[in-house]
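Quick one: this structure, given as structure tokens, is what I'll be asking you about.
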Amino acid sequence: MQFELSNKKLNSIKADFELVFVQNKNLKKFDKEKDFFKLNNFQGEGALLDINNRKLFIELKSLSYEDIRLSLCNAYKNLEKLNIKSIKMPSIIGDCTVRSFASLAEGMLFGAYKFDKYKSEKKTSTLKKVIISNEEINGKKINLDEAKLGLKRGQILANATNFTKDIVNEIPEIYTPLKMAEDAQKLAKENKNITCKVYDEKFLAKEKMNAFLAVNRASVHPPRLIHLNYKAKNSKKRIVFVGKGLTYDSGGLSLKPSDFMLTMKADKSGAAAAMGIIKAVSELNLNLEVHCILGATENMIGGNAYKPDDVLISREGVTIEVRNTDAEGRLVLADCLSYAQDLKPDLLIDMATLTGACVVGLGEYTSGIMGNNEELQNEFYLSSKKSGEYTTILHFNPHLKELIKSNIADVSNTASSRYGGAITAGLFLDRFIRKEYKDKWLHLDIAGPAYVEKNWGYSSFGAGGAGVRMCVNFLIHLLKKIK
Ligand code: BES
Ligand code: ZN
Ligand code: ZN
């Protein structure tokens, strides 16, 4: 889909259809801006089609960025049925900032996302062009530079998020650790400032990444440690992302019940998000150095499987009692976080579909933010909110820390109580964070929004691309702060 800013008046632009935004007339809060929009006798449920005049009236509940995304997604869903090639619309939407234009593009591109690879009948949309008129409305004119920047940013963010969704939605038969390595190398080939190194099981053994290797043992697919790197010429900070890349999580010998195993192809969402992030960072040319460390493996069963009762010696030297082989993500992350700290990051963020407890506690749409640095967490929270992703901070406390004590090793991979599972998992990871990085580290549990089995908001069934927008937005925020 192509977005075009036109200097022509809306009426003189040639397009197959016109989009007319209608604000909820009951919305008194936004009374001031009300007359930016043509108010018609609008009674439809979010959209009203005027075939004769080739207009689609679409509800814009408020001028918030989230409502712009929802409204444009809704518009796309209605337009795609019409077999048209182009649409036109006014430019005065929301507060006309970079963010409002980014939201416009995001809404459209999220509306257009489909994972129909395995459907015999594919519904391909003909809509290719969105023309936005730069015409003044009620004396208000947009800032062209901001509009262009916003549209570009929105397209990059939405495409990167959709790229992540494609990886997560792909089936486990196809999407093995080797396939993830292949995709990472392809990403490096397509983006000139990204490089990629892929390490095999021999390297993992040499690096003493025994926790990671244990998880992989019963899988017929070898593991891969994938290291992606982006470096701008004028880079201001070094950021390292670590992603849980479980291409399938059966639970291992502590086997998951069938109902819980389903959707575990999505256990690679943390790694997939990191790939989307570095893609966006490179396309946005951010003045940063970004690394992504992806731990790619399956968690399977077999005679060779690691067992509850085993003790693993991790790369950091911390010994781990395995009490449940389904708490495998933290084992892979422990070794990957160790590797990541050797890169001397200014900021270290791990992303993982780590616990069912996080989904129980926060619901399916919200990610948990954890760490030791409250200021950093608060800053990340505020920035994630603006990005359109839902998050909440889950605070550590010393009493929960007690629950991961082990009688025979330094730490247990499973808490002794079922309460507070998202936080005890975060506290387990904290055991692998060195003193000097405690305050530079954030853990994001994306188990909920990474994969939802229904359409919600502007996200469609399946992968949600969780992590991409919030992290890239945070990086943009960090750069603004430096300036
Ligand atoms: N991949 C799962 C967590 C998960 C559950 C993600 C549901 C998305 C949706 C993780 O590896 C896991 O199984 N965690 C266990 C930990 C427990 C054994 C301590 C869990 O949450 O039940
Ligand atoms: Zn598991
Ligand atoms: Zn898992």
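Glycine too: its Cβ is placed from the backbone N, Cα and C atoms.
According to TrEMBL:
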- Lys244, Asp249, Asp267, Glu328: Mn(2+) 2 binding site (BINDING)
- Asp249, Asp326, Glu328: Mn(2+) 1 binding site (BINDING)
- Lys256: active site (ACT_SITE)
- 324-331: domain 'Cytosol aminopeptidase' (DOMAIN)
- Arg330: active site (ACT_SITE)
Please report the Cα separation of Arg330 (active site) and Lys244 (Mn(2+) 2 binding site) in Å, rounded to an integer.
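Taking the Cα atoms only, Arg330 (active site) lies 8 Å from Lys244 (Mn(2+) 2 binding site).
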For Glu328 (Mn(2+) 2 binding site), what is the tally of other C-beta atoms lying within 10 angstroms of its C-beta?
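The answer is 29.
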Around Asp267 (Mn(2+) 2 binding site), how many other C-beta atoms are within 10 angstroms of its C-beta?
27
Reduce the DSSP letter at Glu328 (Mn(2+) 2 binding site) to three states and note it down.
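Note: Glu328 (Mn(2+) 2 binding site) is coil by DSSP, not helix or strand.
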Using a Cβ cut-off of under 6 Å to any atom of ligand 3, determine which of the recorded positions Lys244, Lys256, Asp326, Arg330 qualify.
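Among the recorded positions listed, not one has its Cβ under 6 Å from ligand 3.
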Cβ within 8 angstroms of the Cβ centroid of Asp249, Asp326, Glu328: which residues besides those meet this for the Mn(2+) 1 site?
Val215, Leu246, Ser250, Gly251, Gly252, Ser254, Lys256, Met264, Asp267, Asn299, Thr325, Ala327, Gly329
Sorry to bug you, but what's the C-alpha spacing from Asp249 (Mn(2+) 2 binding site) to Lys256 (active site), rounded to the closest Å?
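It is 9 Å, counting Cα to Cα.
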Which residues, in sequence order, are found in the same chain with Cβ within 8 Å of the centroid defined by the Cβ atoms of Lys244, Asp249, Asp267, Glu328 at the Mn(2+) 2 site, excluding those residues themselves?
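Sorted by sequence, the hits are Val215, Leu246, Met264, Lys268, Asn299, Gly329, Val332, Ala352, Thr353.
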For the domain 'Cytosol aminopeptidase' (324-331), report the average pLDDT of the model, please.
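Reported value for the domain 'Cytosol aminopeptidase' (324-331) is a mean pLDDT of 98.
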Please work out which residue of Asp249, Asp326 has the most C-beta neighbours within 10 angstroms of its C-beta, and give that one of the binding-site residues.
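Counting Cβ neighbours within 10 Å, the top one is Asp249.
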I need the most crowded of these recorded positions: Lys244, Lys256, Arg330. Count other C-beta atoms within 10 angstroms of each C-beta and give me the top one.
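Going through Lys244, Lys256, Arg330 one by one, the largest Cβ count within 10 Å is at Lys244.
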Taking only the recorded positions Lys256, Asp267, Asp326, Arg330, which have a CB closer than 6 angstroms to any atom that belongs to ligand 1?
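The recorded positions passing the 6 Å Cβ test are Asp267, Asp326.
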Quick one: which of the recorded positions (Lys244, Lys256, Asp267, Arg330) have their CB closer than 6 Å to ligand 2?
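None, by Cβ distance under 6 Å.
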